[in-house]
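A.B. asks: Take a look at the following structure, please.
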Amino acid sequence: MESQQLSNYPHISHGSACASVTSKEVHTNQDPLDVSASKIQEYDKASTKANSQQTTTPASSAVPENPHHASPQPASVPPPQNGPYPQQCMMTQNQANPSGWSFYGHPSMIPYTPYQMSPMYFPPGPQSQFPQYPSSVGTPLSTPSPESGNTFTDSSSADSDMTSTKKYVRPPPMLTSPNDFPNWVKTYIKFLQNSNLGGIIPTVNGKPVRQITDDELTFLYNTFQIFAPSQFLPTWVKDILSVDYTDIMKILSKSIEKMQSDTQEANDIVTLANLQYNGSTPADAFETKVTNIIDRLNNNGIHINNKVACQLIMRGLSGEYKFLRYTRHRHLNMTVAELFLDIHAIYEEQQGSRNSKPNYRRNPSDEKNDSRSYTNTTKPKVIARNPQKTNNSKSKTARAHNVSTSNNSPSTDNDSISKSTTEPIQLNNKHDLHLGQKLTESTVNHTNHSDDELPGHLLLDSGASRTLIRSAHHIHSASSNPDINVVDAQKRNIPINAIGDLQFHFQDNTKTSIKVLHTPNIAYDLLSLNELAAVDITACFTKNVLERSDGTVLAPIVKYGDFYWVSKKYLLPSNISVPTINNVHTSESTRKYPYPFIHRMLAHANAQTIRYSLKNNTITYFNESDVDWSSAIDYQCPDCLIGKSTKHRHIKGSRLKYQNSYEPFQYLHTDIFGPVHNLPNSAPSYFISFTDETTKFRWVYPLHDRREDSILDVFTTILAFIKNQFQASVLVIQMDRGSEYTNRTLHKFLEKNGITPCYTTTADSRAHGVAERLNRTLLDDCRTQLQCSGLPNHLWFSAIEFSTIVRNSLASPKSKKSARQHAGLAGLDISTLLPFGQPVIVNDHNPNSKIHPRGIPGYALHPSRNSYGYIIYLPSLKKTVDTTNYVILQGKESRLDQFNYDALTFDEDLNRLTASYHSFIASNEIQESNDLNIESDHDFQSDIELHPEQPRNVLSKAVSPTDSTPPSTHTEDSKRVSKTNIRAPREVDPNISESNILPSKKRSSTPQISNIESTGSGGMHKLNVPLLAPMSQSNTHESSHASKSKDFRHSDSYSENETNHTNVPISSTGGTNNKTVPQISDQETEKRIIHRSPSIDASPPENNSSHNIVPIKTPTTVSEQNTEESIIADLPLPDLPPESPTEFPDPFKELPPINSHQTNSSLGGIGDSNAYTTINSKKRSLEDNETEIKVSRDTWNTKNMRSLEPPRSKKRIHLIAAVKAVKSIKPIRTTLRYDEAITYNKDIKEKEKYIEAYHKEVNQLLKMNTWDTDKYYDRKEIDPKRVINSMFIFNRKRDGTHKARFVARGDIQHPDTYDSGMQSNTVHHYALMTSLSLALDNNYYITQLDISSAYLYADIKEELYIRPPPHLGMNDKLIRLKKSLYGLKQSGANWYETIKSYLIKQCGMEEVRGWSCVFKNSQVTICLFVDDMILFSKDLNANKKIITTLKKQYDTKIINLGESDNEIQYDILGLEIKYQRGKYMKLGMENSLTEKIPKLNVPLNPKGRKLSAPGQPGLYIDQDELEIDEDEYKEKVHEMQKLIGLASYVGYKFRFDLLYYINTLAQHILFPSRQVLDMTYELIQFMWDTRDKQLIWHKNKPTEPDNKLVAISDASYGNQPYYKSQIGNIYLLNGKVIGGKSTKASLTCTSTTEAEIHAISESVPLLNNLSHLVQELNKKPITKGLLTDSKSTISIIISNNEEKFRNRFFGTKAMRLRDEVSGNHLHVCYIETKKNIADVMTKPLPIKTFKLLTNKWIH
């Protein structure tokens, strides 16, 4: 709505120019070229004479004949006031005012401005001649007053009094912004035209039709200044006025030029966007038209690229050309010329054979030329309000016809317009009814009329959001003072008087109603097309009718002026109002179901949908009349308001029309929703939905990821389901352009099945509206269901499933049927449905004990798809079950009472509704059923291994399952359940996202050992393992065992009187989830453990200690204890936050725990199986059912969860066993050959550097006398076995230097040419790390040396020949080798013997026994790696002395002398080391990784979100046989070798935190599935993200007298294939991590304790060797320690009893470990699981735990 408000001039009356609730100003849509002087009638210079006799004063200047002039009125009659929206007023050229022209009948009192004070301002005087209309024009229009009942002025009387009636012109609006100036100029030009000044307006060429007079210039100047304030003028206008402030004509001329240019460009863009071609015109003409438009736009600076142009052209193709949309849309680089070649080909084919049909595509029905315009299309305003004006030869003044003339015209019945109407009803004037339509409502007392309004009609407005009328005559059920805010285009409020209904009665007897607002402050009665669309009525502007979506014509549309109108004759007066639904009387004698109850029962669907469903019997068991609908209209569901909050309505009508021609289940829409974050790993993160185009039947499937194979499985499932269940074949599937749909795998699958994929265009989500809206609707329902029920978020897909079942059964208001009915299925029986989250009690037919409660509290989710049962969530068991054995818990409406639904309770309604079903349940309760143990059809949510919050008030004390009193003996008060709601846990535990959550895996375990083991990684409880106990007392447990057995029989119950509930850390799967359970007292724990542990070893001794250190020998002094405690003191263990006590809910105390033997797994199946069972029962618990075990294991195969190893018994089939003729894998080559580096190298600079390196190498070879230069041998004379091929290799080093090396092909060397017993030794990495650690602690100088061409210093004993280098040009000759050339098998061993001999004899060094290439004397330690030497010494001069000796024999380079006291940087054997003596040492590989990783061609994400961990728990590798061709297999194996090779190099150097992932993935190098590659990429991505991490060492405390060498051990029991265990060890010297190892156990362990023993036994040999090395290099005493988090293992080590070892393998391993610990004086100590940093070696950990365990030693 546009309001003309002259706020800058308060003395001038305000007026309203037009009325609309759209933001479009009605006068701004005229073609800009229509305002030029060439289309305006020439100005008639004849003017009427001035009325010189009339005297005018400011008090009597109004013209009495015009009712809108403010005539003098009595004091008692106030002037009409309309606030900011006054009645319609006009502007007049009044000559009777000598002081100026009159505006709105008031005397001119325009204040003088600086412009008016200029000499160019000519105030009009009495003789001034203002423009007047010629007398032949006729009577000008005038608007009636509110008091007048006549609409038009009598023509005859007006003619007789021409001198007293003036022409009143609508003033232009005020300019309020520089951006609005172009639109404002249009209205200003129209104002000049209506003022008979059209002749002075500049034409297109900038010249007016006639010259402007001085008076006209004054008039033009004044009006421009008033309505265009200078502060709102654009800059270019101000620039013109700054030169000549009166040059208004130049401003108008430039404005018209801009309008013309913008119009041409806009027309071209509109034409291009609305192209249509079906072959009816020659293809050449169509091509010429399109190319001309594109060229014109490009020339004007609007670039249209080929992609956009092709999309626009293809969108307009129809008929035989339409298929080009689908055959060409995949060509990303398609050009317009290529597209027109296809169009020409089809056109020529049509001309040659019109009757033949193309055979290269499916021939769907041709798209109908439906020009129907929907109200919510992308251009509603252009279609509905402002269509393109038709050319009209009549002048503007033709509107002023006489009323009597129009009334004498013949008339016809306009209502006879039928569907075939194609010509618009064009009214040039409201009196010119050339179709004879009668104005039946001209006498209605409207408040306002505009001069271009068609009386008796409603203006159709596509942009208006609400319908507004000025008369209350047609408003039904009106209510006053509505709280509604309506604003116009300028965001100004429009006061609303009332709201009601506007009722229509159309010509086909259709009755409907819409909401209407009443306000007198508008110029038109507006009918909103948006509100008509809501009642299934659309406006077709090609037929000019209102019609329903099925094409039924309801009423004609009349075009008058620029707008379209519909007659008010179809409105029903308010005196025949029909009673509304609110007036329906409800009988008190009949109890009806309350609507809020039904609303919640049916998944919170809206009232209209529910009523349609009941009316059409898609919901059975009760009728529409059984529901109380009195509150349906005004009812607001709080859960719906929260869960279904949305932005705006979805745009309708976006699908292609031809889709309607498909049969049921032939055209599917699909889309993927997700991910949902912060959920357990067992819960799905995505779901994929499918919708049938014809029936609107919906399917949803859960997904854990969006990988290709996951999507392919779902597609295979649904296609098979449709084929078998509905005997239909899917032809087309519409989907978006996500990578999960556009991948090659799915494309081949669809192509193989003959299915056409239909993709949406880029960024065009509207074209995918069916699937997008379904996902949004289901998500709204999901949020609402979870909000209402209070269930945890990990059950979100159950809410989706419930909503899908219900919505498939609800009728569509449009089709009057449900999706199930369309699909030919029976309706949904609501008596079998429960509200989502309805509290129930599930029967446990097989409890642990006969005295245990038989009922388990649960929450109903949705009907089962695989049985007649119901899927119910059991929080206490953390699982869902499919069962019919449940009872509805009365009085529990979940969260329904939280919002105060008028204190409604639905117990009685629910009982009546499910009465028949209760009888069915009761009749089956006596049967022994196993359906409680049948998993849901969604196994991803079964057996959720987590500890979420216990349900708040899961059972009130009145219904406590521990109460032994029968229900019949309770009092009446006790029978009624407490009003406190039973509600599911609101959320999962906060740490659940970091936990190892998986379906439980049932494995057979040995009962004798299942409970003594405290943990696989620390244990479930803190056990009373005796600490610091003498070995001599280890047998005393036998005497106490019998006495304690009896006590334990009574300790199974968890009553508060017997148990102290305190916080005890629970080892989650993998020992990573910090939760608490009620702790049992020390004495009670000991009783239970000893009683339940007829174990492999003796039970612990009785006496306890507060220490956590268990020595192998009996400690007799305090000093020994302090020594053992000091072992842990300086280790880089994580600091754990203090645990705050947590009070557990009453239900946990009241309900006895239902125990499980479940185990969890994580990445690689790596988790703990040590679920601690507290009740010894021979009966299997609810979770131990065999059926459940089978389903749970099958779940691993169907979940598509990414992981490393599935712990299942199915034998793994690697591809290497199935693929034949895989001879070898090409080695990884990082160097260049001679031809690559020199011959064909196009990089001139690099080529020159390689040539230089080549000559340098040749010179070095000659200098070292590498071969015999005295004689050349003929090839035929030498034994071929002794001829070694040679070659030059080139590479570029990290420091930028280019190097060449002449090498022998040792890979094809004959075995007879070398001694296989010789060894080529290099320094062990542990020796280097040990030396570096000791150097830091002892302030050593570190010197780095390099011996050039080291191998060439070693003589060769064998007779070998090689071909000469290429530069010699002797290809047929051979030369004999004299030195150990690089590449020969024996060269390394020869060099080692040579340098070893020199160091011992000439340098006074000796080699450390057991550690090759480590040499020492009293002052210096040397680590040798081929030609690199690292020297360590406390005296730098000692190092220099060694260097001097080496230079006497070898070409020795000093890389880094290490003499600075500041930080020194080294590059030692790939490690980038930062060393400051006496302070710290940092080891990393940032520069190396920055250079190498990008060369691996791994899809890195350098700017995206960085990974926080190298993997995540709960992921499994699918071991199904891989189908792949041989070439692709070799390529992928080669890629895996490169990736894992680099990762191994980095991991074993210093990134010990990655060793578990590297070790697991390395086992799959020969199984390069897509999943394995993805996980390898993820590992490389993590290495890239953390390439700046360093291994941090700090100098040991100087007060420490001894060196401390510690091995920390851990094991994950049975988490590898074939139930092998993963073991890991970390080695620390003086608190610095120097090494780590992660590997799979060589034998199958049968318990957690056995796995821990195996891990410790693997660490002992290396620990002893390192101990010897440390003692050799540093003469300090050494303390050795073994740390483990398994107290049962410690108990075995300190025990002397071996009678209960169950087998000899375990026994021998344990006995050997006892001997090693005892003989090597090892201190075995206990470490808490949460602090066990070796945990990272055995399993994937959550992000939080991974960081906690590693942030102290690597960061």
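Keep in mind that glycine also has a Cβ here, set from the backbone N, Cα and C atoms.
The Mg(2+) 2 binding site feature in Swiss-Prot is assigned to Asp1346, Asp1427, Asp1428. According to Swiss-Prot, the Mg(2+) 3 binding site annotation covers Asp1610, Glu1652, Asp1685. The compositional bias 'Polar residues' feature in Swiss-Prot is assigned to 1-10, 48-60, 127-152, 1005-1015, 1054-1082, 1101-1111. Residues or ranges marked as compositional bias 'Low complexity' in Swiss-Prot: 153-165, 402-418, 960-969. Among the features that Swiss-Prot reports, compositional bias 'Basic and acidic residues' is placed at 1038-1053. Per Swiss-Prot, domain 'Integrase catalytic' is recorded for 660-835, and the stated evidence type is sequence analysis. Look at Swiss-Prot and you will find 1338-1476 tagged as domain 'Reverse transcriptase Ty1/copia-type'. Annotation comment: Swiss-Prot describes 1610-1752 as domain 'RNase H Ty1/copia-type'. Marked as region 'RNA-binding' by Swiss-Prot on the basis of similarity to another entry: 299-401. For 583-640, the entry in Swiss-Prot reads region 'Integrase-type zinc finger-like'. For 1178-1212, the entry in Swiss-Prot reads motif 'Bipartite nuclear localization signal', with the evidence type similarity to another entry.
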A.B. asks: Just the number: how many Å between the Cα atoms of Asp1685 (Mg(2+) 3 binding site) and Asp1427 (Mg(2+) 2 binding site)?
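C.D. replies: It is 43 Å, counting Cα to Cα.
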A.B. asks: According to DSSP, which of helix, strand or coil covers Asp1427 (Mg(2+) 2 binding site)?
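C.D. replies: Note: Asp1427 (Mg(2+) 2 binding site) is coil by DSSP, not helix or strand.
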A.B. asks: Report the DSSP secondary-structure composition of the region 'Integrase-type zinc finger-like' (583-640) as helix, strand and coil residue counts.
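C.D. replies: Helix/strand/coil tally for the region 'Integrase-type zinc finger-like' (583-640): 23 helix, 6 strand, 29 coil.
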A.B. asks: Can you tell me whether DSSP puts Glu1652 (Mg(2+) 3 binding site) in helix, strand or coil?
C.D. replies: helix
A.B. asks: Using the Cβ centroid of Asp1346, Asp1427, Asp1428 as the reference point for the Mg(2+) 2 site, which residues of the same chain not in that list have Cβ within 8 Å?
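C.D. replies: Neighbours found: Leu1345, Ile1347, Ala1350, Phe1425, Val1426, Met1429, Lys1453, Ile1455.
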A.B. asks: Within a 10 Å radius around the Cβ, which one of these binding-site residues has the most neighbouring Cβ atoms: Asp1346, Asp1428, Asp1610, Glu1652, Asp1685?
C.D. replies: Asp1610
A.B. asks: Run through the domain 'RNase H Ty1/copia-type' (1610-1752) and tell me, per DSSP, how many residues are helix, strand and coil.
C.D. replies: 69 helix, 31 strand, 43 coil
A.B. asks: So among Asp1346, Asp1427, Asp1428, all listed as binding-site residues, which is physically nearest to Asp1610 (Mg(2+) 3 binding site)? Use the C-alpha atoms.
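C.D. replies: Going through Asp1346, Asp1427, Asp1428 one by one, the closest to Asp1610 (Mg(2+) 3 binding site) is Asp1428.
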A.B. asks: As a quick check of your reading of DSSP, tell me how many residues in the domain 'Reverse transcriptase Ty1/copia-type' (1338-1476) are helical, how many are strand and how many are coil.
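C.D. replies: So the counts come to 35 helix, 50 strand, 54 coil.
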A.B. asks: Would you count the other C-beta atoms found within 10 angstroms of the C-beta of Asp1427 (Mg(2+) 2 binding site) for me?
C.D. replies: 19
A.B. asks: What Cα-Cα separation, expressed in whole Å, is found between Asp1427 (Mg(2+) 2 binding site) and Glu1652 (Mg(2+) 3 binding site)?
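C.D. replies: Cα of Asp1427 (Mg(2+) 2 binding site) to Cα of Glu1652 (Mg(2+) 3 binding site) measures 41 Å after rounding.
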A.B. asks: Could you please provide the mean pLDDT value for the region 'RNA-binding' (299-401)?
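C.D. replies: A mean pLDDT of 58 is what the predicted model shows over the region 'RNA-binding' (299-401).
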